[in-house]
Amino acid sequence: MQVPGTMPAPVLKGQALWLPLLLMLSPQASGGLVITPPGPELVLNISSTFVLTCSGPAPVVWERLSQEPLQKMARTQDGTFSSTLTLTNVTGLDTGEYFCTYKGSHGLEPDGRKRLYIFVPDPTMGFLPVDPEELFIFLTEITEITIPCRVTDPRLVVTLHEKKVDIPLPIPYDHQRGFSGTFEDKTYVCKTTIGDKEVDSEAYYVYSLQVSSINVSVNAVQTVVRQGENITIMCIVTGNEVVNFEWTYPRMESGRLVEPVTDFLFNVPSHIRSILHIPSAELGDSGTYICNVSESVNDHRDEKSINVTVVESGYVRLLGELDAVQFAELHRSRALQVVFEAYPPPTVVWFKDNRTLGDSSAGEIALSTRNVSETRYVSELTLVRVKVAEAGYYTMRAFHEDAEAQLSFQLQVNVPVRVLELSESHPASGEQTVRCRGRGMPQPHLTWSTCSDLKRCPRELPPTPLGNSSEEESQLETNVTYWPEDQEFEVVSTLRLRRVDQPLSVRCTLHNLLGHDMQEVTVVPHSLPFKVVVISAILALVVLTIISLIILIMLWQKKPRYEIRWKVIESVSSDGHEYIYVDPMQLPYDSTWELPRDQLVLGRTLGSGAFGQVVEATAHGLSHSQATMKVAVKMLKSTARSSEKQALMSELKIMSHLGPHLNVVNLLGACTKGGPIYIITEYCRYGDLVDYLHRNKHTFLQLCSDKRRPPSAELYSNALPAGLPLPSHVSLPGESDGGYMDMSKDESVDYVPMLDMKGGVKYADIESSSYMAPYDNYVPTAPERTCRATLINESPVLSYTDLVGFSYQVANGMEFLASKNCVHRDLAARNVLICEGKLVKICDFGLARDIMRDSNYISKGSTFLPLKWMAPESIFNSLYTTLSDVWSFGILLWEIFTLGGTPYPELPMNEQFYNAIKRGYRMAQPAHASDEIYEIMQKCWEEKFEIRPPFSQLVLLLERLLGEGYKKKYQQVDEEFLRSDHPAVLRSQARLPGFPGLRSPLDTSSVLYTAVQPNEGDNDYIIPLPDPKPEVADGPLESSPSLASSTLNEVNTSSTISCDSPLEPQEEPEPEPEPQPEPQVVPEPPLDSSCPGPRAEAEDSFL
């Protein structure tokens, strides 16, 4: 098809042969190709339309990216051919090379191709996109490559960086091609700044391919020099030691000969350098300097060139202009950049209102000038959190001895509008006036609007604008004032309403470029009916009542409820992350635990909490060997709710289910009929472990101090060490002085009557317990004396062995609970009680603790949790297992070896505590703990609970740290306890037929279901119990001293051992004083206040 007005195009077969002939015969061939508008570069505005025309003596065509875009070809009357390319709605992607060539020539002829480069600055596109394969650049040692990070705006300053390195590389940059040079095997990123935003290019990866060739690099000390300065160019060759240098430079043909200097770089192998030095350069020395290197062995050649410019004098040239007015938003940071070229390096000074600016000490103004290339500089003014006072006239001046340049602009600080005042008044004229005043920059616009049929203007409904109202209804007056000292405009507008018949909402709205602000006021008639006032008052009272009820309901829901912390596991999922707990209310209750209320005489309150209290009492008939026994009774307060009564009954059933153990506060009996529920447990006269450690800390520290003396001075039996005075009772501020536990007393009643008792009520003043006095002065009464063969030593001195012994006993008790699949959930030193002879027992006295005032418990919803003692899985996933108790045991160890310290003393109980636990933070080694003890703590604090040691393993680990005497004494006391007529042992025997065949507490196998026949209608209940195993997995039976802790294989009533409930009194003569034993010679311990390491020969306490 032939285009009208054009000649038929030659056929493609002979087109390449006819084209030179046409060029020679054409009368305009000498003119060649002509591009309109001429190049070589054009900068187009984004979204504009542009027309390119190419003409020549033969058919021409436009090409881009090896393709021919859509274009229009024509032939004029004088025989000239032309092609028109229309670029419509240009974007940054239109940036690139455009070629005009003769159709079918493919650029074969020298004059048959002409190039034009077009830039389309696009603020959203810093760098032109590249194909993925262009991101990987392969080179040889002699190959110069180009990193093609091309920009859409030639005015942008582009720097090349190694990835994650802020220092730019001194590589020449071409806006049309990118960075060209020799690169190392690294990852490179191009950077530029568009406005206030720094833009990074894609990462380019350079890989070198090793070839046996020479590699040449050329660099100059300066590529720009002034006339009369020296030119020094270095040509460096790597990879070969026998090369020939040939230089080509501008004035070589005119007869100026320069002898280069060649030397070896001895500190770098295979590096040869040739230096071309031209002193006193002249203008004619400007041009290209070429270093040609050759070697004759493999006939390898390589050459590199560099351009050097000689200027007559120095210069300073600004690149690009800033708008005359620059804007900054109030309290936002603003950076202003000026780009310029200069040689030699200039001095840069910034001025504000003709006053020199310096770096502000407060960091509010930052000035910096950086050299991005040899002669290009960027000077930046940064205003941090712009203030109104920083508006003004700014000037940047760059100068040196030869030239100077400066750029000035005005900075305007835009301030968001704000309505400062909206008020109404009632002038004497009868009108109602509304006045609105506001400020902002740039000048705000004020509009008035009303909602005539509503009391206020809803945001979703457009109000009625004022301004078109008639003169009879309203009158508007607006004044605008500029305040130079505040650099902002103030608008004051007055609206006069001539008649208001009903309440009317009037809105004043201010807006400018940064947003808008509004306020509303309700205009009421002069004579507002009394009915409206009454209705408003009633509505306000109703709203206040509803709000008060909501607050009361929320407070009632947040009130903590008592719940038993101990849980019995019924089954475990296959992955070990889901546990099903036994419902305690479904456990049977054996009536053999019942004790008639008339056999119990209540005394004073030992501890009182938010839900209940613990009372000292005397029980009659609990033991065959003792007519009376001092006990502790747990009960609820009279204000207890039904759910709390149910929780106390659950605690009773769990305690009766567990059975007796030496290191657990054992159940002795209960009163559940004919009155409130009483749980009767063992009485521990020395209170909780925290308070015990605080009271006896001075004896421990004194003992450690004495151990630094020669061993001959250290005699420790049942008496105090030499030089240590008898400890007098010292009451520390905020601590109890040997009390049952550290609890607040919220009642002033010292003696608790038996409530709701059938028959006669007994009130008795129980003999004042000596636990309130220093226990070293305590002398047991005749009924309380115990057989010395089974009593534990009652030395008042606290030793390192005692600390390890406490830990060992708690581990034994927790091993027993774990064998019963019981999870404690609140294991802490405050829930460990101290009995005669430093025997410890695990308990849970949350009932009698005011947890709402106890700083150890943190409110979480409607409950209080001991977060500092809880394992991570319990805090974050509410997962409680025996292994989460292991974590708490590690915290308890830290308490013991800090002598009663509070865990995590350096962490506040807020988000910082939770974050520290998630990051794996653990407490440091206590001062009094040995490395072995701290290693046990760290094992207990493993992040994954599956790899924490079980309590059976913890017993073995702690057992190794104790002397043989201690372990034998403990085993003897445990066996005596199990052979005694202790009420807990006797009732467990009566409750379980076939008593000698009870399971070992070390049996931690999976849960089976064994039928138990209770006395009162519970025959259908199946209670979960561990199944028996013939042997223990951890080793021979006799290897664990805790084996006998709950084994009831020998039954007799020869003696009774209970916590503070001694045996039947026996008549025995007063012991004669024994001669003082000879002191043993022991190595002197290290001078460490912690007294680490148990020393059996120096410790005769406990056990």
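The backbone N, Cα and C atoms fix where each Cβ goes, glycine too.
Positions annotated as ATP binding site by Swiss-Prot: Leu606, Gly607, Ser608, Gly609, Ala610, Phe611, Gly612, Gln613, Val614, Lys634. The number of other CB atoms found within 10 A of the CB of Leu606 (ATP binding site), across every protein chain shown, is 25.
If you look up Swiss-Prot, you'll see 1039-1059 marked as compositional bias 'Polar residues'.
According to Swiss-Prot, the feature compositional bias 'Pro residues' maps to 1076-1086.
Non-local neighbourhood of Cys54 (disulfide bond): Leu33, Val34, Ile35, Thr36, Val60, Trp62, Ser82, Ser83, Leu85, Cys100, Lys114, each in the same chain, at least six residues away, with C-beta under 8 Å from its C-beta. Marked as disulfide bond by Swiss-Prot on the basis of sequence analysis: Cys54-Cys100 (among others).
Taken from Swiss-Prot, the feature disulfide bond covers Cys149-Cys190 (among others), and the record attributes it to sequence analysis. The number of other Cβ atoms within 10 Å of the Cβ belonging to Cys190 (disulfide bond), over all protein chains shown, comes to 25. The DSSP secondary structure for Cys190 (disulfide bond) is strand.
Long-range neighbours of Cys291 (disulfide bond) (same chain, six or more residues apart, CB within less than 8 Å of its CB): Val216, Val218, Ile233, Cys235, Phe245, Glu246, Trp247, Ser274, Leu276, Glu303, Lys304, Ser305. Secondary structure from DSSP puts Cys291 (disulfide bond) in a beta strand. Per Swiss-Prot, the feature disulfide bond maps to Cys235-Cys291 (among others).
The number of other CB atoms found within 10 A of the CB of Cys436 (disulfide bond), across every protein chain shown, is 26. In the three-state DSSP reading, Cys436 (disulfide bond) counts as strand. Positions annotated as disulfide bond by Swiss-Prot: Cys436-Cys508 (among others).
Among the features that Swiss-Prot reports, domain 'Ig-like C2-type 1' is placed at 33-120. Across the domain 'Ig-like C2-type 1' (33-120), the DSSP tally of helix, strand and coil residues reads 3 helix, 44 strand, 41 coil.
The domain 'Ig-like C2-type 3' annotation in Swiss-Prot covers 214-309. For the domain 'Ig-like C2-type 3' (214-309), the predicted model reports an average pLDDT of 85.
Per Swiss-Prot, region 'Disordered' is recorded for 1017-1103.
The feature signal peptide is assigned by Swiss-Prot to 1-31.
Sequence annotations record features per position, and here Swiss-Prot assigns topological domain 'Extracellular' to 33-532.
Long-range Cβ contacts of Cys508 (disulfide bond) within its own chain (separation 6+, distance under 8 Å): Val419, Leu422, Val434, Cys436, Gly438, Leu446, Thr447, Trp448, Ser493, Met518, Gln519, Glu520, Val521. Cβ neighbour count for Cys235 (disulfide bond) (all protein chains, 10 Å cutoff from its Cβ): 27. Around the Cβ of Ser608 (ATP binding site), 21 further Cβ atoms fall within 10 Å across all displayed protein chains. In terms of DSSP secondary structure, the domain 'Ig-like C2-type 3' (214-309) contains 6 helix, 53 strand, 37 coil. Mapped onto three states, the DSSP output places Gly612 (ATP binding site) in strand. Val614 (ATP binding site) sits 81 Å from Cys149 (disulfide bond), counting Cα to Cα.
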